[in-house]
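J.: Quick one: the structure is below, questions incoming.
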Amino acid sequence: MSNTTVEQFAAELKRPVEDLLKQLKEAGVSKNSGSDSLTLDDKQLLNAYLTKKNGSNGGTISIRRTKTEVSTVDGVKVETRKRGRTVNIPSAEELAAQVKAAQTQAAPVRPEQTAEDAAKARAEAATRAEARAKAEAEAAKLKAAKAGNKAKPAAQKPTEAKAETAPVAAETKPAEESKAEKAQADKMPSKKPAEPKEKAAKPKHERNGKGKDAKKPAKPAAPAVPQPVVSAEEQAQRDEEARRAAALRAHQEALLKEKQERQARREAMKQQAEQQAKAAQEAKTGRQRPAKPAEKPQAAAPAVENKPVNPAKAKKENRRNRDDEGQGRNAKGKGGKGGRDRNNARNGDDERVRGSKKGKKLKLEPNQHAFQAPTEPVVHEVLVPETITVADLAHKMAVKGVEVVKALMKMGMMVTINQSIDQDTALIVVEELGHIGKPAAADDPEAFLDEGAEAVEAEALPRPPVVTVMGHVDHGKTSLLDYIRRAKVVQGEAGGITQHIGAYHVKTPRGVITFLDTPGHEAFTAMRARGAKATDIVILVVAADDGVMPQTIEAIAHAKAAGVPMVVAVNKIDKEAANPERIRQELTAHEVVPDEWGGDVQFIDVSAKKGLNIDALLEAVLLEAEVLELTAPVDAPAKGIIVEARLDKGRGAVATLLVQSGTLKKGDMLLAGTAFGKIRAMVDENGKAINEAGPSIPVEILGLSDVPNAGEDAMVLADEKKAREIALFRQGKYRDVRLAKQQAAKLENMFNNMGETQAQSLSVIIKADVQGSYEALAGSLKKLSTDEVKVDVLHSGVGGITESDVNLAIASGAFIIGFNVRADASSRKLAENENVEIRYYNIIYDAIDDVKAAMSGMLSPEEKEQVTGTVEIRQVISVSKVGNIAGCMVTDGVVKRDSHARLIRNNVVIHTGELSSLKRYKDDVKEVRMGFECGLMIKGYNEIMEGDQLECFDIVEVARTL
């Protein structure tokens, strides 16, 4: 495509054919019509001519500088005068930001402005943009001239790309003007489309054809300099670039046309909205000020003929009217302030008033938009802590507190604005009001614990396994453990049953094993769950002569929930009734399959009494431990779990701690739940004082501030201040959560109990030696409650019975249960004086049975009918003023005067009532036995007939039991 016609080249450059022919003639190329062909040499001659005509002269450029003032009024820094023009050139970034701000803040043109004013405003804006572009071009020309002095050959040699892209540079707008037009295309479309991007490759001093030097007559064209012929590859590349440039121009023209149409529609809609707003404002103004004509808002209001107007008042009204039209105080602002509030729309006129220093005529910037409040609802993401007040919740959702209270009342909660609600209720309220509720992250001191755990890294070493012995009551768990320990623990337990979690560690030839002995009674479910939580391996003890029992099934469930492996010890195989195969079958039904049957559970037949296969059981436990590869860091702060806790009168709070990792030392600062303190003493399970304990070793510790809850995690902290802070925070958090839930529960109970008779309540105060015992006892007693009699555990705690417990019993009418504890002398004396009953127990069965008997005594007795005799009516005697008298024969039993009677006719009960009189002959008698005749009357009933039978019975009360 080396030869093209003049018409094609003109179409490619988007220039008229006549202008291109004229420039070709000036360059020395003789072409007469648009159909003449153009060669590459012709194009290069034209390029050389235009470069010389519009390019640099090689000398210095002098720029006349005039001093003037620039007024800045929240827009582009430009002031136009009649004779001279001074331009303050911002940077490209500032220019783009200012143009964007001017477009977004411009107020729409008032409807009464003519089309000529709008065109004049657009022309003025285009002139300002052109002036900025020319100034930038002059600065760039000066800079390029300096660079040209240093390297003239490079400046004078035009690039080959300019030959096709810049033949008409004298009439081409600078690139900066194109950028300004593109930025203003949304609000102020340009008359000319943007030039191709290839023109931006030209130096600024070559593109600027509208500078001061361009006004001078052009010099005659220099003779053409012969240029080397380009290769075919370069020509193909140029053709491809030209094609892309043409496609880009077409795309830009389409975009510009679309923007112009969109702008026209927007202008029409704005004008229509302005007219409607203006009409509404004029109607409103007409109602407020009838003395002012609505047709001429600029003129002063004339006086009404039938009503005199005060001159001062009229003057003030006139000034207000001028202010409404933007010609009052706002028009005379000094120093560019333009009045008190230029940025706010006044009386619905969305115009921005611009003032000048000398109070010149106003300039109204069109397309300025006033602020509009958001109409769409705002959805907040609300983080809800454990407890939150109603006021804080409303603040987080940015709504009024009344709305939150209203929503809670709809849910049935009568709350005040300062009342606390729990997290679950708050999340429901947040969702109800259309926001997104999420539980808040732990923004509390406990986050310090996680950071500290990550910071400490120590080498993990092998540790002993923790083995929990579980099973049904009386299946021989503790006896099995006794044989392993060679001790007699069962004899020390009351009733021969375990009522505490015992923690022991045993040294075997193959290593150390830590055992946890859990109670098998159903009341100690929580203890068994804690034992399974802290364990590595579970030994499930099943009696060979008893089989699978309820607590055996529960122990299997705990082990599966904790995800720990099991070893089944089939105990009591030395008994005659032992049947180990039946045990295997029953356990298989509960998904505990022996390994010899293809399962993964080891079954060992043992006898705790004779010591059979005990070594095989330990071997199986250690084999499971090897498979688990149990490790824990040793040289690190200790972490563990509270297995049991109690309050000792002489030593204070005593807790049994199973160390799970690290080394616990005497004097460490320990945090366990809401309790903390420095360890003052440590003893092992044999009562021997020790100074440190490693992983998987159980110890008793002294020195905590309070009795911790069994099952709490414990860890050593380096700072007592931090431990105190975390413990106090937990206490407050638990208290708030508990109170919030109690309040909700009270309201629920109030509605549930509405309309029901009040049930009797048996109040109990429980004091036990360890926490696990009073937990089990309180849970068992609450299970005894019925609809008629309820057990109310007012208080339960660890330690001996004190005077405060007795005083609480006096105030509430409760009795006190002491489980393995006693009352001191002062408490006993106070209880005797106030008739407070204190009962001591050391076996949980006895306590449950006595409470059950007391509850049975509180039940209302049951009424039963007891038949005493049968009577046959043989004659009916009617006596006036008395009624019908039945002459009867007692056929069975005895008839008493105060008995109840049931009238039976044809084996159908006709009436049930009482006897009013009983006589034998004429004498009143108390009773008549079988075989004797008597006369009787039924109270309030006379419809008796011969042949009827009377069944006499008494109502007796029978005591009920639970």
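For all residues, glycine too, the Cβ spot is worked out from N, Cα and C.
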J.: Which one of 66-70, 431-435, 496-500, 946-950 shows up in Swiss-Prot as region 'G2'?
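T.: My reading of Swiss-Prot: the region 'G2' range is 496-500.
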J.: Which bits of the chain, at least 6 residues beyond where the region 'G4' (571-574) starts or stops, bring a Cβ under 8 A of a Cβ in it?
T.: 475-476, 479-480, 541-546, 580, 605-610, 612
J.: For the compositional bias 'Basic and acidic residues' (235-269), what does DSSP give as the number of helix, strand and coil residues?
T.: 35 helix, 0 strand, 0 coil
J.: Across the region 'G1' (471-478), what are the DSSP residue counts per state (helix, strand, coil)?
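T.: Per-class counts: 2 helix, 1 strand, 5 coil.
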J.: Within 10 angstroms of the C-beta of D474 (GTP binding site), what count of other C-beta atoms is obtained when all protein chains are considered?
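T.: If we count other Cβ atoms within 10 Å of D474 (GTP binding site), we arrive at 15.
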J.: With DSSP assignments reduced to helix, strand and coil, which class does I573 (GTP binding site) get?
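T.: Coil, per DSSP.
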